[in-house]
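**Q** Dumping what Swiss-Prot says about this protein:
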| type | residues | note |
| --- | --- | --- |
| ACT_SITE | 89 | active site, nucleophile |
| ACT_SITE | 176 | active site |
| ACT_SITE | 178 | active site |
| BINDING | 231, 232, 233, 234, 235, 236, 237 | ATP binding site |
| BINDING | 304, 464, 519, 525 | XMP binding site |
| DOMAIN | 13-202 | domain 'Glutamine amidotransferase type-1' |
| DOMAIN | 203-402 | domain 'GMPS ATP-PPase' |
């Protein structure tokens, strides 16, 4: 069986070396937006251990001072690769530091907008770019031009806002082209990746899908079987569809009904995945088991642990019942996991590896318990790329663009004890809310929206009768990366319609409120 080929060996790749900047992942995203594949690794990466050669290297920004003890520094072997290099902010200061030139704390720090003056329009990095607005975020600055470099751009506070060593094809810039505040940053990155590095613009989901299907076949082989949990969300659905295309019915999808899913979710998943996409689907009704274990529990972290641990128990039990799909089929050897590239970035960032990569529904324990190997067909992709891939593979548009739904489900949208009656109130209110959002044609403008049931009661009036019933809180946010988020501004008449429907159609609700808290200080979910 041939060894699976990694993606950077199949596409021209720009290597982004991360020095811990909060913007590092955006460099990778921007490059992919113009169809150049980019991969991020920590700045401590040993170049000799890299199994592929990049077309170019970008040194990211970072929160450190290059001259301070313990600050990170790049492997000098990167300069022996013979490929173009671009240093951004800290990355530029690293270039100067290695060159032996001074970097010092600036008398005036630059944070926010600044104007860049292009001093050498003929420089290939600034080709087609006039003076433009950029985003600065640095306290240190160069106090001398490194040997062999020339100034190609300045700002009012920095005589070395852009420097170039033309013969070595090395550039440094003191601003962040990857953020949207930099008006021509994407063009600058494209100048570097495409024009200077010569990277072919072939990265697309159309090209990825066949490549990934073949990679799955090479990894799994002709006989092994694969299991994976599905939830009705876009990540697990796209992953399951890829497995179906690659190995057919040797992939077994398991849907565990934990009693805290959205209204009619199980039926919808069976119809979409099983009937519509032809995926080999096993459905387990474990609602009573989950709700029984949640009885009396109010702490949100305990809810999460109970749901996660119970899921593992149910999944293992169901997996043991799965029979081979044909006489030549082998053992179940692999577990599908919906890891995305942001999860990978979180685990390798120079800020320090996270304790665990986030796992779908807390299935990480299954690997040890069941002696399974992991298969992660989406681990190179950002969320927008997963959605695009889903559409290419014929997954219904409404499913591809579905809002995220937490693994613990409605259990963390019922604040307080989770009971069948409380779940029913929360899911009915949520259904009405989402239905009205879709009717208004604004569903895809909103990153995430949901209703949650608060553990308080409120006085109301229905007809001539006084009521004393529960409160529903509505939440809707807009975000790019879910690290920060703003609350969505609805039309007042829309909120009036939703509130009226929920109070009239959901027994037990007397009041509806709308959450107008941004993230931070609040999180997206209430629990």
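Each residue, glycine too, has its Cβ placed from N, Cα and C.
Remember, it's a predicted structure, so these values are computed and weren't measured experimentally.
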**Q** Out of 231, 236, 237, which has the highest number of nearby Cβ atoms, where nearby means within 10 Å of its Cβ, if these are the binding-site residues?
**A** 237
**Q** Tell me, how many other CB atoms lie within 10 A of the CB of residue 525 (XMP binding site), whichever protein chain they belong to?
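**A** Summing over all protein chains shown, residue 525 (XMP binding site) has 16 other Cβ atoms within 10 Å.
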**Q** Which of 178, 235, 464 has the fewest nearby Cβ atoms, counting only those within 10 Å, among these recorded positions?
**A** 464
**Q** From the centroid of the CB atoms of 231, 232, 233, 234, 235, 236, 237, the recorded ATP site, which same-chain residues not already listed sit within 8 A by their CB, in sequence order?
**A** 230, 238, 239, 338, 399, 402
**Q** Let me know how many other Cβ atoms fall within 10 Å of the Cβ of residue 304 (XMP binding site).
**A** 17
**Q** What is the number of other Cβ atoms found within 10 Å of the Cβ of residue 232 (ATP binding site)?
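**A** Neighbour count, Cβ to Cβ under the 10 Å cut-off: 19.
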**Q** Out of 176, 234, 304, give those recorded positions positioned within 10 angstroms of the residue listed as 'active site, nucleophile', comparing C-alpha atoms, in sequence order.
**A** 176
**Q** Have a look around the residue listed as 'active site, nucleophile' and count the other CB atoms within 10 A of its CB, chains all included.
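**A** The answer is 25.
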**Q** For a quick check of packing: other C-beta atoms within 10 Å of the C-beta of residue 519 (XMP binding site), how many?
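**A** Its Cβ shell of radius 10 Å holds 16 other Cβ atoms.
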**Q** If you measure every Cα to Cα pair among 304, 464, 519, 525, the residues listed for XMP, what is the largest value in Å?
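**A** Looking at 304, 464, 519, 525 as a set, their Cα atoms extend up to 42 Å apart.
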**Q** When the Cα of residue 525 (XMP binding site) is compared with the Cα of each of the recorded positions 178, 233, 236, which one is closest?
**A** 233
**Q** In whole Å, note down how far the CA of residue 464 (XMP binding site) lies from the CA of residue 232 (ATP binding site).
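**A** The Cα atom of residue 232 (ATP binding site) is 43 Å away from the Cα atom of residue 464 (XMP binding site).
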